[in-house]
Amino acid sequence: MMQLNAGHSAPPGAWFDGAGVNFTLFSAHAEKVELCLFDESGNETRYALPARSGDVWHGYLPGARPGLRYGYRVHGPWNPAQGHRFNPAKLLLDPCARGVEGDVIDDPRLYGGIDTPDPRDNRDAMPKSVVMDDRYDWEDDAPPNIAWGETVIYEAHVRGLTRLHPDIPPALRGTYAALGHPAMIAWFQRLGITALELQPVAKFCSEPRLQRLGLANYWGYNPLALWAIETRYASQPAPQAALNEFRDAVKALHKAGIEVILDVVLNHSAELDLEGPTFSLRGIDNRSYYWIQDDGDYHNWTGCGNTLNLSHPAVVDYAIGCLKFWVEQCHVDGFRFDLATVMGRTPEFRQDAPLFEAMRRDRSLSAVKLIVEPWDIGPGGYQVGNYPPPFAEWNDRFRDDMRRFWLRSELDVGEVATRVAASADVYRRNGREPWACVNLVTAHDGFTLRDCVSFNGKHNEANGEDNRDGAWENHSNNHGYEGLGGGQSVQDARRASTHALLASLLLSQGTPMLLAGDEQGHSQHGNNNAYCQDNELTWFDWSQADEGLVAYTAALIRLRRQIPALTASRWWEENDGNVRWLNAAGAPMRPEEWHSGTRQLQILLSDRWLVTLNGRDEVSEIVLPEGEWRAVPPFAGEDNPVVMAVWHGPAHGVCVFRKS
């Protein structure tokens, strides 16, 4: 039997140094930690970690190699009222494991107990941590380092984007390899996007409730092991092969000049509430990892049963180590943080929260793009506009106001102008720049763009909750017919609204984020919460792509790059050459016009580009300002000879002109 020596208290997790493996595990309240190793037949051998430095338990196993499967059993007090739920009958995943073998199938042995510890051994039902080999040939890979002002984000799901792509070999569809395939690279370049933002690719599992309904967690916001690659998206599902396949995709995307941003769920874990399974953190040090109420229950500020305590020094270290792994070992270019108010809780939200300060101090993390979803469901959870530099934020005000203007006729141009100007009322503070405003009209969470113009209500019956889940208010408009059908007049109106929303997104100051599939006309048939639909409802049907809409979207992105006012990282000032606001007569907007109910606006950008908006329900005449103006693609041909002085704007229409 091999013997462990003391080893070292860092780095976190299991690290192969060429001669053996160093194991570390944080637990402030444990009394004993056993390292459990598994051979090819599943036989378990246990070793007590021989050393403790502060609250880190550690040991070194000479001769151990990558591919070794392991877990932990952690001994300590069972005192639920104090937040302690140690149960050595439960094999636990290493929170810092960079590989996990096996998937979670709901099994009663996975539950640690509520009032008393469950004595059943979960070994045969529990996925295993895997020692990984971090050596990888990155060749001459370098980050594209796209300036924020030039950034156009494309939010996508690994499987949904590529599962039905006809030009990708069947064995690679729905995988990391597909992302780096020449067919996908060509698609990204055709659109002109600069950053691929991927929904979670860290190891996750399906909630027990979904499994019992015969459904699966598709989106991935139920994290099991945040440092480990999700193997279900790999063409070769062994953890090491999956990790290297992901790295291959990143390398290929970088060669094409495309950044990779990962959606990360640093707010809760798959252990859910007190009735949920015990996989890792609950059994390792429940009181340290989670926000615990006075009675020992969890603060549920995420809506998922538990909330990570990211003000605890050890949990901050855990989060920082996780992010650094993805940047330094996988070369990702940034992160989008789900329910990110949790990251700043102390428990009150603070701009100088420990995790934020640690991220700003870290050389690797301060050099990548950091984007937050600036809310959670806890007290004071809505924090839009309140994040410190260098964070950018999803701007739900842009999403809602643009939908309300174009689809519901509920706003006038004053509010629209504010959103076009990078929502300066929200973000122009604390030294932040316009790129901190991430504009979106749709995201994975909610209606697709096509569904926004095709459905008044959500249709989530397939989710198994009798349509109770998902947002009730979507600021959508079916244009007179509920569903994808309808006559030609309905389709024409929908097309106009779609074009207007895309133009608003891509021709506004700030960082635009396009939901993958919106450029194709992808529909989820009214499901605005398709988190559990891993099927044709969410997979893109490339054979049905709306080529006209694809061309329109790509042309808007090309147009955006030509307009300095949209790509410069400085706030607009009246008459500074960046922007002038004009009325339908081509004259400067008067103060009383902004909120007078008018729904027409002209925006002169960089003294040469004129964006005209007609939010009325009928064709309206808009007089262009003095000069020779020609409409530009996608609103006219490349060599448009027609000089216009008046634009007869169609209902809910947009056009862009260039001054000769």
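Including glycine, each Cβ sits where the backbone N, Cα and C put it.
Worth saying up front: this structure is predicted, and the values here are computed from it rather than measured.
Annotated active site, nucleophile per Swiss-Prot: Asp338, in sequence order. Asp338 (active site, nucleophile) is surrounded by 24 other CB atoms, counting those within 10 A of its CB over all protein chains shown.
The feature active site, proton donor is assigned by Swiss-Prot to Glu373, with sequence analysis given as support. DSSP assigns Glu373 (active site, proton donor) to coil in the three-state reduction, placing it in neither a helix nor a strand. The Cβ of Glu373 (active site, proton donor) has Arg336, Phe337, Asp338, Leu339, Ala340, Glu393, Trp394 as same-chain neighbours under 8 Å, each 6 or more residues away in sequence.
Annotation comment: Swiss-Prot describes 460-472 as compositional bias 'Basic and acidic residues'.
Marked as region 'Disordered' by Swiss-Prot: 460-482.
The site 'Transition state stabilizer' annotation in Swiss-Prot covers Asp445. Other Cβ atoms within 10 Å of the Cβ of Asp445 (site 'Transition state stabilizer'), summed over all protein chains shown, number 17.
Same-chain neighbours of the compositional bias 'Basic and acidic residues' (460-472): 210, 213, 215, 446, 526-533, 537, counting only residues six or more beyond its ends whose CB sits under 8 Å from a CB of the stretch. Secondary structure counts, DSSP: the region 'Disordered' (460-482) has 3 helix, 0 strand, 20 coil. When secondary structure is read from DSSP and collapsed to three states, Asp338 (active site, nucleophile) falls in the coil class.
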